[in-house]
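**Q** Summarising the annotation, TrEMBL assigns Fe cation binding site to H110, H114, D300. Summarising the annotation, TrEMBL assigns substrate binding site to V132, V133, S134, G135, G136, D165, G178, D182, N271. Residues or ranges marked as domain 'Gcp-like' by TrEMBL: 22-307.
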Amino acid sequence: MKILAIESSCDEFSISIIDDGKILSNIISSQIEQHVNFGGVVPELAARLHLENISWVIKAALESSNTKIEEIDYVAYTEKPGLIGSLIIGKLVAETIASYIDKPLMPLHHIEGHIYGASIENEFIYPVLAMVVSGGHTQIEIINSPNDFKIIGATLDDAIGECYDKVARVMGLGYPGGPKIDKLAKEGNKDAFVFPIPKNDESYDFSYSGLKTAVINIIHNLTQKGETIPVADVAASFQYTATKIIEKKLEKAINEFKPKTLTVAGGVSANSEIRNIVLSLGEKYNISNTFVPKMEYCTDNAAMIAKLAYEKLKISN
Ligand code: KG4
Ligand code: ZN
């Protein structure tokens, strides 16, 4: 059974082909370079650039997997959430291919896709506890099957990735800021600055706007005094606090829900400290099926959508 999957929710246009659960191709056209000068993704530009990338991405995905379009059994695509212009393009491409080969369409959820991206190289044993960390979401989910996702805590204001990107922008590090802060943090002293950890301890919801404001205030104060910003120290202290928030909630959720699989998903799962936290919590609580996704499957990609489609079809047959 071959599935062609499309992911186009933000600034990546990606097509993947999966055959009986095995990823045959995962072509990603990224637009990071075109958005760098604007300090973030420009929605209108993202949709226009997707249009330029459709043909070659389809061709590359089919050729590199040695697949003819007629061999495809299902066409999956990211239906939501995301930038509306970008999403519409993915949907139109999916509908066009599906009607041409007369095969069923599968509209899927981007975040559920991110979670199954973590299962491409490792099998899920249910229930799964997934920490979702991306540009638009910070949430904890319990997954009992590919059709059963329960959100136990979600984003109250800024998502963690958004917070990384905004702090990086104020520090003059450019876009996307997450990987840059992560790298810089390794050279700094995490105790140089003390940033606040939100007190909403009873809930699993996440708030990052207080941390964002605290870091931005420090940078502005130092700039006003004419002092040089110790960027590595700010990065290290910020990363320590941003990830401590994740660690605290995740540990509480592990104790309450006792999962058989522990994992992390979304663009920010590429973060070195978050990866360490998840692996060490897995070890501390003896969850042998604990894993972090391969880097290629952290940021937006169609393989994760293909894997979700495959797992859904597997249980429906
Ligand atoms: O999942 P994703 O590709 O897009 C959304 O669905 O939002 O996530 C993108 C986010 C960006 O905010 C980017 O800065 C962040 O992931 N990111 C990181 C790292 N790599 C990517 N954040 C922190 N540390 C990283 N190493
Ligand atoms: Zn994403």
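Keep in mind that glycine also has a Cβ here, set from the backbone N, Cα and C atoms.
Automatic, uncurated: that is what TrEMBL annotation is.
Provide an account of the burial state, proximal residues and distances for the features listed.
**A** The Cβ of H110 (Fe cation binding site) lies under 8 Å from the Cβ of E7, S9, T78, K80, P81, G82, D300, I305, each of which sits 6+ residues away along the same chain.
Remark: V132 (substrate binding site) has I111, H114, I115, T138, Q139, I140, E141, V264, A265, G266 as non-local neighbours, by Cβ distance under 8 Å and separation of at least 6 in sequence.
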**Q** Tell me whether D300 (Fe cation binding site) sits in a helix, a strand or coil according to DSSP.
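**A** Coil, per DSSP.
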**Q** With the Cβ under 6 Å from ligand 2 as the test, give me the qualifying entries from the binding-site residues V132, S134, G136, N271, D300.
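**A** Checking each Cβ against ligand 2, the ones under 6 Å are S134, D300.
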**Q** For G136, G178, listed as binding-site residues, tell me which one has the smallest number of other Cβ atoms within 10 Å.
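**A** Lowest Cβ count within 10 Å among the binding-site residues (G136, G178) is G136.
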**Q** What is the number of other Cβ atoms found within 10 Å of the Cβ of S134 (substrate binding site)?
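**A** Excluding its own Cβ, the number within 10 Å is 25.
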**Q** Out of H114, N271, D300, which has the highest number of nearby Cβ atoms, where nearby means within 10 Å of its Cβ, if these are the binding-site residues?
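**A** Max Cβ neighbours within 10 Å, all protein chains included: H114.
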**Q** Using only the Cα atoms of V132, V133, S134, G135, G136, D165, G178, D182, N271, which the record gives as binding substrate, return the largest interatomic distance in Å, rounded to a whole number.
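**A** Max span of the substrate binding residues, Cα based, is 18 Å.
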**Q** Under DSSP, is G178 (substrate binding site) part of a helix or a strand, or is it coil?
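**A** Looking at the DSSP assignment, G178 (substrate binding site) belongs to a helix.
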